[in-house]
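The compositional bias 'Polar residues' annotation in TrEMBL covers 64-74. Under the heading compositional bias 'Low complexity', TrEMBL lists 85-103. Taken from TrEMBL, the feature compositional bias 'Basic and acidic residues' applies to 1738-1748. Marked as domain 'Ig-like' by TrEMBL: 170-263, 437-529, 570-663, 702-794, 835-925, 966-1057, 1098-1189, 1231-1322, 1363-1453, 1494-1584, 1625-1718, 1757-1848. According to TrEMBL, the feature region 'Disordered' maps to 1-32, 64-111, 1738-1758.
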Amino acid sequence: MDTRDLHPPTHSKIRNIPIILKSSSTSSRQYPPISLKVASDEASKIGLPKSAFLLSPKKLQPTAKENFNNSFTTKIPAANKNSEKNSSPKNYQHQKQQQQQQQNRLKPNDSWFITPAPELKILKVNLFPAAAKGVILGQTQHPQSVARIEELEAPKFKPEEAPEADKQAPFFVKPLGDGQTLEANESDNVYLEAQIGPTDDNTITYEWLLNDQPIMQAHRFVTSYDFGFAALNILYIYPEDSGTYTLVVRNAAGEARSSIDIQCGGKDSMITDTFHPSSIQRITELEAIAVRPEEQEEGPKGAPTITAPLPPSIEGVNETGSVHFEAQFTPVDDNRLKVYWLFNGAPMKHSNRYKLLNDFGYVSMDINFVIPSDSGEYTLVVENDEGQATSTTFFDVQGSGVIYDDTNHPESLRRIQEIEAVKAAEPTEDDLPPEAPQFTQQLTGPAEALIEGQPCHFDCTISPINDPNLRIEWFHNGAPLQHSSRIRTIHDFGYVALELLHTVAEDSGTYTCKATNAAGSAETSFDISCEAKRNLYLDSHHEESWQKIQDMENYVAPKEPSPEMNFPPPQFTQQLTNFEELVEGEAVRLECRLQPVNDPTLKVYWTRDGAPLPEASRFMPSRNMDIVTLDILAVYGEDSATYECKAISEFGEATTTASVKVQATDSLLLNTQHEESWNRIKEFENRAPLVPLIPEPEKIAPRFVVELPGNLPEFQEGAPIHFEGQIEPTNDNQLVVEWYKDGMPLGNAHRFKITHDFGYVSLDILYAFAQDSGTFTCMARNELGEAQSQATIQVAPRSSIYTDTQHEESWRRIQELEAKPLPQQEMEVEAAGAPQFIEPMESLERIEGQPAHFHTRVTPINDNKLQIQWLKDGQPIGHSNRFVHTNDFGLVSLDILHTVANDQGTYTAVARNEAGEATVDATLTVQENDSINTDIQHEESWRRIQELERAPERPEEGPDADQGPPHFIQQLNSITDLIEGQPAYFEAQVQPISDPNLKIQWYHNGRPLGMSSRHVMRNDFGLVTLEIKYVLSQDIGDYRCVAKNNFGEDSTEAHLDCERRPNIITDTQHEESWRKIQEIEAPREAAPDAEAPTYAKPQFTQPLQSQGDIPEGQIVVFEGRLIPVNDPNMQIQWFLNDSPLGQSNRFTMTNDFGNVALRINGVTTHDQGTFSCKAVNAEGAAISNASLTVTGGDSLLLDSAHPASFQKIQELESMDKSRRLEYPEDEFGKPSWETTFEDVDVENEGDIVILNGHVEPATDPSLRIEWSFNGVPLPNSNRYRQENSFGDVTLTIVHVLPHDSGIYSCRAYNSQGEATTSATVKIPGYEAILRETQHPSSWDKIQELEAPKIIEEVEIVEEKEKPRFLTQIESAEVPEGTPIHLEATFQPARDSNLKVEWQCNGHPLGASQLIRTRSELGWASLDISAVNPDHEGVYTLHISNTEGEAASSASIKVAGIGDILGDTQHEESWRRIQEIEAPKIPEPDAPPPEYDTPSITTDIQDIECEEGEPSKFEASIQPTNDPNLQVQWIRNGVPLAHGNKYTISQDFGFTTLAMSYTYPEDEGVYQLRIFNDKGEAVSSATLKCAPKDALLLDTQHEESWKKIQTMEAPKPKLEEVEPEPKSAPRFTAAITSPAELHEGQPAHFETSVEPVDDANLKIQWYLNGAPVAASNRAKVVNDFGWIILNLNSVTERDSGTWECVATNDAGEARVSTELKVQGKDVILGDVQHEESWRRIQELEQPKERPEAPEGPTFDAPQFTVQLSSPENAEEGDSVHLEAQFTPVGDSKLRVEWLKDGQPIYHSNRYKMVSDFGFAILDILYLLGHDSGEYTCRVFNESGEATTSAIIDVKTKDGLILEPQNEDKARAVEQLEEQLNRRPEEVETAKEERLPVFVEPLSAPVQAEQGDRVHFSARYEPVDDNQLQVCLQYPFDNIKV
């Protein structure tokens, strides 16, 4: 056809050109047409047909001009950069000549081939002009931008290629060596270097050879090539590296070689012979593959028999002892055998006292701490399916009789029984028949229609109201009302209500209330209507635009109909094969072949016996090309079945079947694997225990074999005394030994220690007193008689102990204080007389700054109405922290801490009371010190401070000030001299500045300016600013600032312009480098997977060892060894009593090279049982068991130790306490106080006050007691203790305080009346307590705030959130051996059900010491400490909860894969290591070691210390290596335990007992007892501790105490002085400033002004006559007369005259200075280094790329794992799409993602990963418009493959405008109202009082230099704002 037919009309801009592409190959596959949009103008420019275009991933590019007729066939090449050069028709022939060159340069990235056909024919091209749409704006709004885009996108002219110079063959300027052999030692560093030419040839290649073979890739060999130098660095050389090293240099013109010989000598430093030949042999045996024993058939099981029965009975069982039963039975290998115990024919109850054991035919039971209720018959039952066997035993418990069941107070018990037997009167009325429910008031509700969000209330009334069986039900539109936190129901006393806290539109309808009981039911209904709010406006405001958008988005381009695809029906070319004899646990693969391969409708299904395959990870079906397989990883017995593979397509179906038969095995190996060992074990276990024949001992009367010592010397008081003797018989358990002193039983005391053990009797007196003198008798008694032995001692008293008091006066005082105070009679208070000063005041002379002290004494001292006032020159002394007043017990004083000149004058102390007044005078003379300025420096400030501290009067609230419309007093300034990237700053000033309704809005080119990190908008006190941190080209335009309030608006405008920077060069300047980068970054072909090693079934070579009788709290370790040791899939599991061992910090489990261990830190009785270790791998499992028994006292005794007493208690507690006894009730009268309370005057604060009284009737159970204090109920406090015991009423106040003074009343009342008694308690200092509030309104507010709030319980429904990722994990490529860190954040962060899982290449991450994962609070991370090639792959993080799941992926690449040396470098050493590691023959176990009897080589020593000192006992013991040696410390016969008081240690034969702080009660005898199986040893010592005095009650410094009392005396007030008038301001110094600065430097202005004490002085700075506004750039300081202005960085606009103006009420002053700022050029446009610039241009010149070598060819891509569509995706969730494809190593393969057919580009929400055969798309945050079909397209030169998934996103409402909880919203409003409410101020008349220190000044007694010291004191009054406080040291004021 003619090419002219292809030209479209000239007026058309864009045309849709359907192109039909047809392959010229013989393939029957047809390809659908594609539609291209072609710019006709661009085609016409170059003279090509408008259709001659190909679709490219970057843009449309023109092709070469061709003749489009039916007979011409050609390949369509991609466009290149010379297209514009070859665009004219004149160049057509030239273009045709270059066609072949263009095809050779074609890259896969430059063209988008629609089909994989090798040749394409253009058959037909049709043009369909698109109808023009007038509504669309076709003209650009930014012509300048469009022109710039066209300029950037215009094709670049390729510079003319210069003729390439002839290549020069490479040559060596400097060869490797001079022909001599280089000798080196092993591990030396060898460096080889050569220089080559030419240096400017970039095509030169380098290759290093060793003995004419390429050198190995290893990290020891480091090569470098740079600027003509080639080097090889061998980091450390081995003898194997010896040989000839050759460097070969090649290019297109030739090659050059240079060689050098290296000889490396070896070292004899490696010892290859083993030190343990037997170990090598053992390792070989262990590593040998174990032969799996043949399984023997299980024989028939017989009925159980008991081979060793229980004894018929057990005698001599004592209470609190223990009982042990044991028996043996057969068969032992029957797993269906059941063993259980019966007690008196009933099953035994569970108890921690019972310990049961059943193991290999041996069964036992231990009963610890036997009680009488354990007496009875115990039966052991063993049964299976064949029968059962039993064995019975009996024992009786002999009680100890230590519990007394009888009461010691019969009368009290009778009274308790009477009280507990009282029962409330039962109702005698008969139950009435139920009444049918009836609504007395119908259901009512809101009368008007509701608006969404409003609350709703329904209520009604019903009868009967007292029917407990009445049930209320609510219905909505006939359906039961669902429970919700919005809905509340009420039913109480016949009132029924329903509340909806906030309504929604779905709540509209009929609400029905139904009442039902046994007699019937009733209903009532009410209708409501709720109108929904429109939170989102979904309708368009521009109908025409909306319709236009819909037309554009819904436009579907016309497509040609697709040709039909036909495929043959499926056919199995290879059928499945049967498997007949499979062993359970083996793996099997069912494989067949299926055709056709490329049918997209073909589906494959697998079934087992006609049912689908079960969901399990064992079944792995797959289909790859024509191979269809089913892998069953481990077959079980139930897998025996007929498996069918069914292929179904649109063209037919086919099936193939196979039979699989599996021989099931026992899940547990019950037969022994070692017959000989098993027979030996049975022989041991069946061996009858040797029962020693112990003859019954003959009972004899007791006698003393060794008498007590008769002649004892005289002992000194405090010395220890020891008696000992020996008696017979030694084995009589009924022998009783008693000690007497002077015929009386020896009393209990910790000083007396009695021992009776195996006939040995002793008495130790730890320290003797004089009263211990006398005769001590030891009496032994049994049934046949008694014997006694005596010893007499004499103890001489010490003269150092004084029993008489040494201080008679102190002793008498102590007796007076401890004596019970007598009740005092109330005495009338004598009227105090007129005050009188009994001591004159002395006049003083002081130098200014010194302190002054006036003091005198006044009477009466006990008049609480006496007032002291101080005057100066007849005027009251004002409050000041310099004046300290003291008035205490008649002492009146005034202290002036530091004097000033105006303190001089006459000071008068005035004392007044109701009877009169008295005065006393003194004169103070002060010598003035001129250096001290005592005048107030700031009169105005002082006056202002007094005004501020004065209680302000509450002003009347007036109307708000009127605000006018806003207006700008300073307009915006335009900015036109900026360069792109510089900051811009707009500034304006607006008024009014105090209008809270003023709003500021910025506009850019008429559009509102949005918030951005580049734009900073501020509005502060009328200063409106806009700061653009860096300007871009899109920021150019007009800026307008609009100020708006309720009265109007105003605006100001400015223009911004900036100079654009040069454009970015996006094209590569180095074609060769770019090609090289692509080659480097192309994915490498994956190495073939190595054949996975096979491992044997696990086997324990060393089983776990049982451990028994472990003391509670010890450490227990179970250890074992198993094989194989190097199986990475081996899993170790621990069990306790067949249950998985829970996670605990007490359990530590390890598995290291076949050694498995379980460490239990601090065992308890709960840890007893059977521990099992299970090892599992792909071949099977192995189990090893061990038992653990723990001894120790049970921490909880849950069963009664005395059943009889416990039964009695249960009987008492089960008595009906409400039953009313049939006896006449006592009638009690009105309460009356027989003994009233007495008033108490407490002398000292901190004493104890006790108020006692007696009230009758005391036996009235209804009598109640109430206490009150000053008419208010007595508060609860641990200082108040109230008691009422049979009429005796007591109130005890512990540690009274002054505020405890008052009237205490006790009210006793019953049903007959009440009686009250009161007493007054006075404590010193109560007069100073203010009991009434000083601020009634504040007090009321405090009470209102502190009042308990009624919190309305709201049911909180926790809403689950679907997981989504906030940040994704990032891909990385790192060198081998470096650490790597992957992390991501997600939501929800606090979901306890959220699961986090890491996967690598789609498989769960295996356990490794190099990999560590963490996950907490919305954060998950993966750390690999040192990566290796095994860590390469795609890592995926999966998070899931009950609402959904999300995933994120990233790829990890490891550089340096070839640097690993897989083969050994030392064959001889490797062979020797294998010999050493070979298994060895096990050596026979050595006999257990024997240890000697323990002994103490160094005894513990006596200790004498002071209270508070540390003490320590230590001793040396033997043997040191006995693990069974036990150490016990005893104090006064009581064992000691390790704790915070006692520190006990034992290590290598050295044991200690340490106490960090010793008290007198720690005195006593301490013993060290060590024992083992051979015997024991004991060592004793005494500890004595001298006590210290606890309290110092008397003062230690009398003079200081008197001084303190003097200083605390009250001082007279000072007379106030009128302030002086202020003067006009005056600058005392000129402004100091820099004259000239450069832009960006800081500026500092400084001057000084007077007066410095004027609080009304105002400072204002001006620049060129304009006020300087406050900003973050300028800082102004005005303090103490100094005026400073600091500018952080100056600009050119800061140049000019700076003036400072000071103004006050008296006038003003001015001072000025000049400042000049020089600007600086920001951008340097000229080059600074010409040579470097020229070199850069040379390097960036484009170079011609050499021809790329041909790479391997790959097949068309295929998807092995298709995309899957996520379910229940909601807006805000994250989505993870993942697929897998092949081939993996194709560097030309490309992956593309499409949404609804459109490409998806990278953004912050989309993350695409394509590596290692994985194609992953992560969408971080789903939006509503993300719904659609997502397609992954994989293509290369051979073809393409696609897979798709559909995502449906459920949108959410974007804005929630209504509160979700009305109650919470209402509570927030109430809280804000309370916070904003102003307290009501009530004016109260203030009472002037003298300041008093209620707590004296406290300070640390001792401190070191540099320490912090804290002083504190408390004074009153606290509400005096004229009170002044000052500190002095020693007599001078401290400035604060």
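Every residue number used here counts from 1 along the chain in the order it is shown.
Cβ coordinates are placed from backbone N, Cα and C, and glycine is handled just like the others.
DSSP places the residues of the domain 'Ig-like' (1757-1848) in helix, strand and coil in these numbers: 3 helix, 52 strand, 37 coil. The stretch from 1098-1189, 1625-1718, 1757-1848 that makes the most Cβ contacts under 8 Å with the domain 'Ig-like' (966-1057) is 1625-1718.
Over the domain 'Ig-like' (570-663) the predicted model carries a mean pLDDT of 90. Assigned with DSSP, the residues of the domain 'Ig-like' (1098-1189) fall into helix, strand and coil as follows: 3 helix, 56 strand, 33 coil. Helix, strand and coil counts from DSSP across the domain 'Ig-like' (835-925) read 3 helix, 56 strand, 32 coil.
Sorting each residue of the domain 'Ig-like' (1231-1322) by its DSSP state yields 3 helix, 51 strand, 38 coil.
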